[in-house]
Amino acid sequence: MTEPLLTMRGIVKDFDGVKALDGIDLTVRPGECVGLCGENGAGKSTLMKVLSGVHPHGTWDGEIHWEGAPLVASGVRDTERAGIVIIHQELMLVPELSVAENIFLGNEITLPGGRMHYAAMVRRAHELLRELRIDAINVARPVMDYGGGHQQLIEIAKALNKRAKLLILDEPSSSLTAAETQGLLDIVRDLKRRGVACVYISHKLEEVEAVCDTVTVIRDGRHVATEPMRALSTERIIAMMVGREIRNLYPREPHEIGDVVLEARNVTCHDVTNPRRKRVDDVSFSVRRGEILGVAGLVGAGRTELMQAIFGAYPGACAASVLMNGRPLAIRSPADAIRAGIAMVPEDRKRHGIVPQLGVGHNITLSVLQRFATRGRIDAAAELDAIRAGMQRLSVRAAHPFLPIAGLSGGNQQKAVLTKMLLTDPQVLILDEPTRGVDVGAKAEIYRLVFALARRGVALVVVSSELAEVLGLADRVLVIGEGEVCGDFVNDGLTQEQILAAALKSRRRRAEPTAASAT
């Protein structure tokens, strides 16, 4: 067996007296991919921040050995010079700069006199992308011209330009399509063959199984186990992550479905940058009291834009007729929607769901502050009671209610956003990608909440790119393709293949006579 490239022993990290890491061990060998698994808040990101120099030497206890020698890093620059490079879940690219400029950001090739040698950077950027077998990216174009999948590959090229020996990938596929994810996994396999080591952090255990040689599981800041992937099952990894076995991820129980509560008619949304293009084209649907409506479709199909239009949050021009309990609504903003009894947990919680500078508690009560106001003053005690009750209800983990929400894990941020929306007492709750970047334990909690709300008579609209999630939750499935309704199915024996087949159809294609109908 080859000597370890990296050895971390007994890593301890405190935040204001709260132990985020409590004696964590991690070993990585050249050309090995180690899966780092744990629930949200388990300490995965904190451990990687220690390793990558975000938390410099001296701010934590323990030992790190790199290539057989102690690693003493005062910052990210030191670890990158050593060959340790992290690619964060939120990509660190400058949209307005070219691909080549992003790849060399902070490591520019310069001419005598200090001017950038742009031609040399373009040549080297081409070489790096060729090494990754990528030919669909023009290095002279701005990064903003490319989607999430290509941007992830640009980040990997940027890491290789820093001569990475160990690549840390933090939730690398959270915003990728299935095809883009497969391409990413192929590149990870290729990097392993070239001797580059990887630490792969993902809640998608099928990806961990596909590329990882070893799995290290941590829970509540402690090391649980390190085992070869071949000796593990998905069920065993989950049990180690959460400390218990999750037998039924979708605890479906009978619930009564009542009358139509929300009806959307002829929803049309125009593209923000190209108003002649329609992102949503004349879509109509309804949802009943106590019903869980799943909304499926390919990435870019217009699902999010449709939900934003109903919630009064679409940034471009749109037209729609929205009725609540048979009465027309005039929704011009999210505040109008909330007053009408419609709440929404957005797809991008960091941009649209939280105020990062505020504490967890103040984020939770942001939509209902008037409830605690008397003569212009907030009843702080009543507000705190509501915050604590909400956090307890959804098991939001935070050292104290007014810790900045930006410091929470993704899963706890998501549960805080859910808590905020539930405080509005909605009749209709829209959940757009509710479990993106969320661990399996938090997923199970969110699913239990969805079914509990349905039993209480709340109408739920769940938008998800995970077809297993749609089929596990929904009573009925609406399929959107190219901004149009491609199918509306009762979830009784419905399959993923049927949903995908519907998503790939356009209205024009459906209108054409088939060979069977022509005979």
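Glycine is no exception: its Cβ is also placed from the backbone N, Cα and C atoms.
As recorded in Swiss-Prot, the features of this protein are as follows:
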- 6-245: domain 'ABC transporter 1' (DOMAIN)
- Gly38, Glu39, Asn40, Gly41, Ala42, Gly43, Lys44, Ser45: ATP binding site (BINDING)
- 262-507: domain 'ABC transporter 2' (DOMAIN)
Please list, in sequence order, every residue of the chain apart from Gly38, Glu39, Asn40, Gly41, Ala42, Gly43, Lys44, Ser45 whose Cβ lies within 8 Å of the Cβ centroid of the ATP site.
Thr46, Ile218, Ser409, Asp439
Per-residue pLDDT averaged over the domain 'ABC transporter 1' (6-245) comes to what?
90
Sequence gap of 6 or more, C-beta under 8 Å: which same-chain residues meet both conditions with respect to Gly38 (ATP binding site)?
Lys44, Val217, Ile218, Arg219, Met241, Asp439
For Ser45 (ATP binding site), list the number of other Cβ atoms lying within 10 Å of its Cβ atom.
22
Give me the long-range Cβ neighbours of Ala42 (ATP binding site): same chain, 6+ apart, Cβ under 8 Å, in sequence order.
Ile218, Arg219, Asp220, Gly221, Met241, Ser409, Asp439
Suppose we draw a 10 Å sphere around the Cβ of Glu39 (ATP binding site). How many other Cβ atoms does it contain, all chains included?
26
Cβ-Cβ distance under 8 Å to Gly41 (ATP binding site), same chain, at least six residues away:
Arg397, Leu408, Ser409, Gly411, Asn412
List, in sequence order, the same-chain residues at least six positions removed whose CB sits under 8 Å from that of Asn40 (ATP binding site)?
Ser409, Gly410, Gly411, Asn412, Val438, Asp439, Gly441, Ala442
Under 8 Å by Cβ from Gly43 (ATP binding site), same chain, sequence gap 6 or more:
Lys13, Ala20, Leu21, Ile24, Ile218, Asp220, Gly221
Based on DSSP, name the secondary structure state of Gly38 (ATP binding site): helix, strand or coil.
coil
